[in-house]
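Per TrEMBL, active site, proton acceptor is recorded for 108. Feature annotation from TrEMBL assigns substrate binding site to 31, 32, 33, 34, 86, 87, 88, 89, 99, 100, 101, 102, 126.
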Ligand SMILES: O=C(CO)[C@H](O)[C@H](O)COP(=O)(O)O
């Protein structure tokens, strides 16, 4: 028997999300290996005549969508979206997320919050009881990096989160630069005792552009694994 890979699970979740797409929709396209499957499948539907307009959350996704001839717009020209489909690094039972493993968290959060519905697609390994095993990505301005890291450390400690904070590097050992020209620091805090409070406090630090805690943003998670698809939250448009 062939083992069911996490990549197969990602594609299954993406295929399930594609069922939510209707002609004429304005869509936000996420970033990462799971979102990549969704864009791939959407591209096939567009080639078959589906009429949608899409806003990508990264230059990587933009390039993929362009190759598939998916009609694209900017978030400023289409500021209200019907649906955004994106991946996540972790999700919990309250649909709180850690995102930003691909470094696209700022655009992902802007696009998701401009959408009536943000639906997460994930393989079932992304479900956690407590957020934080995945290092929390925080996008920061290059100016004042050290000062900002100190402030992140101090503010996190006030919510019971401690651990190392490391600026992300590329495989070549250079500083990782986001699509917005900023740095990403990865906060290895471990289990986050109070993600809501941590999110509020991180947002108040001047050098923090955005953090990877998505609280109250996702309407549902489509999680897929060897057992099939499981839905957390609601896929419909109910408020
Ligand atoms: O937030 C993200 C990118 O910034 C991704 O959605 C997240 O990292 C999950 O990636 P993958 O689908 O490759 O597991």
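Every residue gets a Cβ built from N, Cα and C, even glycine.
Remember, TrEMBL labels are computer predictions, not curated facts.
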The residue listed as 'active site, proton acceptor': secondary structure state under DSSP, collapsed to three categories: helix
Listed binding-site residues with Cβ under 6 Å from ligand 1, out of 33, 99, 101, 126: 33, 99, 101
Cβ-centroid neighbourhood (8 Å) of the substrate site, 31, 32, 33, 34, 86, 87, 88, 89, 99, 100, 101, 102, 126 excluded: 30, 35, 108, 122
Number of Cβ atoms other than its own within 10 Å, given for residue 86 (substrate binding site): 31
Among 99, 126, which are binding-site residues, the residue with the most C-beta atoms within 10 angstroms of its C-beta: 99
Most Cβ neighbours inside 10 Å, all chains, among the binding-site residues 31, 33: 31
